[in-house]
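Notes to accompany the following structure.
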Amino acid sequence: MVHNLILDDLSVYGAEFTLRNGKPACLLIHGLCSGPILMRELGEYLYKDGHTARGILLPGHCMNMGGLSPESHYNWSEKVESEYHKLTDTYKEVVVIGFSLGALLTLQLAAKYPIKKMILMGIPIFLVREYLPMSSLIKLCKNFTRKVRTWRRKCYMESEAYSGYLYHPVDTYYSLQAVDDVLKIIETVKPRLQDIKSSALVIHSQKDGVAAPASARYVLKNLGSADKQLVWLNQSHHYMLSGGEKSIIFDAIKNFLR
């Protein structure tokens with residue numbers, strides 16, 4: 001059933017899912033101020049292609065539409081590691097698929113464990129612009145406010161979990177503390193890229209206004225993987241999984257997993 005109203009039920013945005021099929025299993029990690037629903041269509045596509053798909057909810061997300069608490073730090077990495085180990089207890093091979101913040105957490109995981117394959121979508125090594133001093137800007141902004149308004153888009157999705165319109169990102173505000181935590185993850189990941197040997201598929205949009213396209217080029221250049229490839233999208237915004245190039249993304253992932 002298609003709903004004409006925009007989804008405002010956070011329990012739907014934040015619902016984790018496990019679609020059990022064959023192997024390898026795929027761990028799907030959403031981005032900042034979003035939820036597992038962002039990864040649901042991809043999860044169902046992977047399931048129909050013979051994979052097990054597990055979509056997780058990162059701590060602090062989908063609790064209220066106002067955004068993550070400005071006072072809190074969240075251990076996103078611990079959640080990702082825990083879910084990864086649960087899958088490796090059952091499946092010999094686990095592919096890790098991350099979008100935005102989820103892509104950074106995927107790299108963190110790959111720097112620590114021998115992941116065979118990983119997929120990085122919209123990875124924000126550089127936020128907004130390549131040479132923008134984001135850390136200094138966040139520090140300055142913290143003197144005046146604890147959060148900034150997001151630019152929410154109305155997107156359409158069609159899945160077994162929900163068919164209709166929803167918001168991406170879910171939250172109306174970004175917590176500056178959460179953005180600062182993302183920047184710290186970026187700084188821990190960049191010097192480790194050369195040590196990561198996982199086969200990698202990087203998917204990025206030339207029109208991404210959140211994660212500068214230079215991010216994808218930087219990852220491809222510095223990643224220590226022998227098998228790495230980059231797929232460019234030409235029309236999508238940052239939330240590529242809600243755009244008109246989904247079929248390109250899904251086909252690229254399907255081919256990469258063969």
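The backbone N, Cα and C atoms fix where each Cβ goes, glycine too.
The 10 Å shell around the Cβ of SER100 (active site, nucleophile) contains 27 further Cβ atoms across the protein chains shown. Among the features that TrEMBL reports, active site, nucleophile is placed at SER100.
Feature annotation from TrEMBL assigns active site, charge relay system to ASP208 (among others). DSSP assigns ASP208 (active site, charge relay system) to coil in the three-state reduction, placing it in neither a helix nor a strand. A sphere of 10 angstroms centred on the C-beta of ASP208 (active site, charge relay system) encloses 23 other C-beta atoms.
Marked as active site, charge relay system by TrEMBL: HIS238 (among others). Of all Cβ atoms in the protein chains displayed, 24 besides its own lie within 10 Å of the Cβ of HIS238 (active site, charge relay system).
What TrEMBL records for 23-241 is domain 'Serine aminopeptidase S33'.
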Distance from HIS238 (active site, charge relay system) back to SER100 (active site, nucleophile), taken between C-alpha atoms, in Å: 8
Within the predicted model, mean pLDDT of the domain 'Serine aminopeptidase S33' (23-241): 90
